[in-house]
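Trainee: The structure's right below; bear with me while I get my questions together.
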Amino acid sequence: MNPYVLAILLSSLGLGTTLTFIGSHWLMAWMGLEINTLAITPLMAQHHHPRAVEATTKYFLTQATAAAMILFASTTNAWTMGQWAIDDLSDPLASTMFMAALALKIGLAPVHFWMPEVMQGLDLLTGLILSTWQKLAPFALILQTAHTIDPLLLTTLGVMSTLVGGWGGLNQTQLRKILAYSSIAHMGWMVIVIQYAPHLTLLALGTYVIMTSAAFLTLKMLLATKVNTLATAWSKSPVLVSAAALVMLSLAGLPPLTGFLPKWMILQELSKQDLPIVATTMALTALISLYFYLRLCYAMTLTISPSTITSTTPWRTRTAQTSLLLAMFTIATLGLLPMAPAILMLIG
């Protein structure tokens, strides 16, 4: 893609998210979301592959539907309450419709079906933008309006998302689909605690962005899109494969890695709120997710010789890709847990 066009599209992505962050008027927030959608669409379709075009079409239709629902909900609220302020979403119908629209935007269950299919049609870098940056603006709106949304709705969306995210990733062989289901599960963890402790949602979102960036950049460095490819990646870059296995375990939420911190804090908060059944359910769904992350670790580290594998072993060639960002995200993914008290003091 032409670098000038790429610069315009990426700056438009930044502009759209910033508009949604700073806006206190519904139309401003809606406009930011629309700019975001329109900016990422050419990035998704840049390879002109039928799968990429199909994924772009699905994404555009889904996001357009969600944007129309947000506009309708905000208009209904303004008609009932007489004002357009984001933090005053008092009409129950409007708040429910608004949450449904944002759930569709970020891919929460049960409106998650577009997410794995769209992710599968994209290259790894565009998939990274879709999994991380595109979640920020809708989450800013959910954070501002969480106090007006029915707590039962948020709890249901959270539990369903973690369950679907774990269950859906079990039998996948495509890494992008696995990361899409991982994204759905992480969104569930963020949504379930937003009504009780919004700062923990911010913590979970921050760690999710760091861990997912490390995972996508690692896969891009290994040129891997299937589990089968991971099985032979050790011969190309043993150190990177070892780090990748730890990144996957961090995404699963195992201590002493960074991914354990938000899950630990969220379960603690749910227990404080006298929700032991919800907390237990969330912990059990995390175990389902852990299974498919362990599958990836097994494929990467335990299928080496003398085990038989069907893929051809790749040459150990030097890559021209820059690894500074990958190194920074990997270190953050593996080592932030000891800094938990400082992080909680900063966001609390």
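Any Cβ shown, glycine's included, is placed from N, Cα and C.
When I checked TrEMBL for this same protein, it listed these features:
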- 25-288: domain 'NADH:quinone oxidoreductase/Mrp antiporter transmembrane' (DOMAIN)
- 290-344: domain 'NADH dehydrogenase subunit 2 C-terminal' (DOMAIN)
- 66-86: transmembrane segment (TRANSMEM)
- 92-113: transmembrane segment (TRANSMEM)
- 152-171: transmembrane segment (TRANSMEM)
- 178-197: transmembrane segment (TRANSMEM)
- 203-225: transmembrane segment (TRANSMEM)
- 237-255: transmembrane segment (TRANSMEM)
- 275-294: transmembrane segment (TRANSMEM)
- 324-347: transmembrane segment (TRANSMEM)
Trainee: Please work out which recorded stretch in 66-86, 92-113, 152-171, 237-255, 324-347 has the most C-beta pairs separated by under 8 angstroms from the transmembrane segment (178-197)?
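Mentor: Of the candidates 66-86, 92-113, 152-171, 237-255, 324-347, 152-171 scores highest.
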Trainee: Under a Cβ pair cut-off of under 8 Å, which of the recorded stretches 92-113, 203-225, 237-255, 324-347 contacts the transmembrane segment (152-171) most often?
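Mentor: Ranked by Cβ pairs under 8 Å, first place goes to 92-113.
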Trainee: Contact between the transmembrane segment (92-113) and the transmembrane segment (324-347) is defined here as three or more C-beta pairs under 8 Å separated by at least 6 residues; is that satisfied?
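Mentor: No, the transmembrane segment (324-347) and the transmembrane segment (92-113) are not in contact.
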Trainee: Near the transmembrane segment (237-255), which residues from the same chain, at least 6 beyond its ends, have a CB less than 8 A from one of its CBs?
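Mentor: Answer is 182, 211-212, 214-215, 218-219, 221-222, 230, 262-264, 286, 289-290, 293-294, 296-297, 300-301, 316, 330, 333-334, 337.
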Trainee: By Cβ distance under 8 Å, which residues at least 6 away from the ends of the transmembrane segment (203-225) in the same chain are close to it?
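Mentor: Contacts with the transmembrane segment (203-225): 124-125, 127-128, 131-132, 135-136, 139, 174-176, 179, 182-183, 186, 189-190, 193, 233, 236-237, 240-241, 243-244, 247-248, 250-251, 258-259, 261-262, 265-266, 319, 321, 323, 325-326, 329-330, 332-333, 336, 343-344, 347.
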Trainee: Could you tell me the mean pLDDT over the domain 'NADH dehydrogenase subunit 2 C-terminal' (290-344), as a whole number?
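Mentor: Across the residues of the domain 'NADH dehydrogenase subunit 2 C-terminal' (290-344) the model's pLDDT averages 78 on the 0 to 100 scale.
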